[in-house]
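Here TrEMBL flags Asn9, Trp10, Lys11, Gly173, Ser213, Gly234, Gly235 as substrate binding site. Taken from TrEMBL, the feature active site, electrophile applies to His95. Feature annotation from TrEMBL assigns active site, proton acceptor to Glu167. Annotated phosphoserine per TrEMBL: Ser213, in sequence order.
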Amino acid sequence: MRKKVIAGNWKMNKTIAEANQFVDDVVNSIPADDRVEAIVCAPFPFLVSLVEKTKGTNLKVSAQNMHFEENGAFTGEVSPVMLKDLGVTHVVLGHSERREYFAETDETVNKKTHAAFAHGLTPIVCVGETLEQREANETMSLVETQVKKALEGLSNEQVTKTIIAYEPVWAIGTGKTASSEDANEVCAHIRKVVKSVTDEATSEAVVIQYGGSVKPANVDELLAQSDIDGALVGGASLEADSFLQLVEAGAK
Ligand SMILES: O=C(CO)COP(=O)(O)O
């Protein structure tokens, strides 16, 4: 059985006081349970504080992006060395918002994925189609390209540790969720793509999340699907109660 990974992607939200309060509210309620892993993906300025607050607990802390270089003249960027040094465990890479607004490409996602492993960070690699691409029947070929490029050059062991998040762009922040069957179909396809570039054992082990308007009301149905191993959640991860309900759903 693959574990379920519930990651709350706060995006560009909260103040430090609100971020700290959120962690205080949830941290003692995250179960020590092999079936579920809980992560908050927080803005850079909160990471130091959240890592400190979550030490010795079951809540992990992720960044939402990073540069692929270790250091250098990249004004405004944050490196994998800095994240690792802070005690951050995960990093979201290739989120559709970064692809759309910040010129993230499959090539930079691949470089960042390698950089994450080089520095002991677990990448959460996001893939997914736009509405136009879905309507043009390009979903499967698009996610196939995104997954293959993101994983290019990784060892099977590294691929096993990678978390892949399938997030259809049209379902993000819109209240529209892919039906659980449609989401599962794409996640199953992603698993086949992983198998085609690695082997059966690797593809069976890799965690594939769904993201896009996941909330307590629809999470059970999504997580009941054969190939959906968790959720990357935006809006519904901002409130402590709702985040805890999602984590509890992962431990069912
Ligand atoms: O982009 C997402 C998570 O990374 C999904 O956001 P919403 O859950 O707000 O739709």
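Glycine residues also receive a Cβ, built from the backbone N, Cα and C atoms like all the rest.
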Worksheet item: Secondary structure at Gly235 (substrate binding site) (DSSP, helix/strand/coil)?
Response: helix
Worksheet item: Setting Asn9, Trp10, Lys11, Gly173, Ser213, Gly234, Gly235 aside, what same-chain residues sit with their Cβ within 8 Å of the center of the Cβ atoms that define the substrate site, listed in sequence order?
Response: Ile172, Val233, Ala236, Ser237, Leu238
Worksheet, complete the sentence: Expressed in Å to no decimal places, the gap between the Cα atoms of Trp10 (substrate binding site) and Glu167 (active site, proton acceptor) is 15
Fill in: Farthest-apart CA atoms of Asn9, Trp10, Lys11, Gly173, Ser213, Gly234, Gly235, residues recorded for substrate, distance in Å
14
Item to complete: Using a 10 angstroms cut-off on Cβ to Cβ distances, just flag whichever of Asn9, Ser213 is the loneliest among these binding-site residues.
Response: Ser213
Worksheet item: Under a criterion of Cβ-Cβ distance under 8 Å and sequence separation of at least 6, what residues of the same chain contact Lys11 (substrate binding site)?
Response: Gln64, Glu97, Gly234
Worksheet entry | Distance from Ser213 (substrate binding site) back to His95 (active site, electrophile), taken between C-alpha atoms, in Å | 15
Worksheet item: Among Trp10, Lys11, Ser213, which binding-site residues lie by ligand 1, judged by Cβ under 6 Å to any atom?
Response: Ser213
Worksheet, complete the sentence: Across Gly173, Gly234, Gly235, listed as binding-site residues, the smallest other-CB tally within 10 A is for Gly173
Worksheet item: Hey, how far is Ser213 (substrate binding site) from Glu167 (active site, proton acceptor), Cα to Cα, in Å?
Response: 9
Discussion item. Given a separation of at least six residues and a C-beta threshold under 8 Å, show me what packs close to the residue listed as 'active site, proton acceptor' in the same chain.
Written reply: His95, Ser96, Cys126, Val127, Gly128, Tyr210, Gly211, Gly212, Leu232
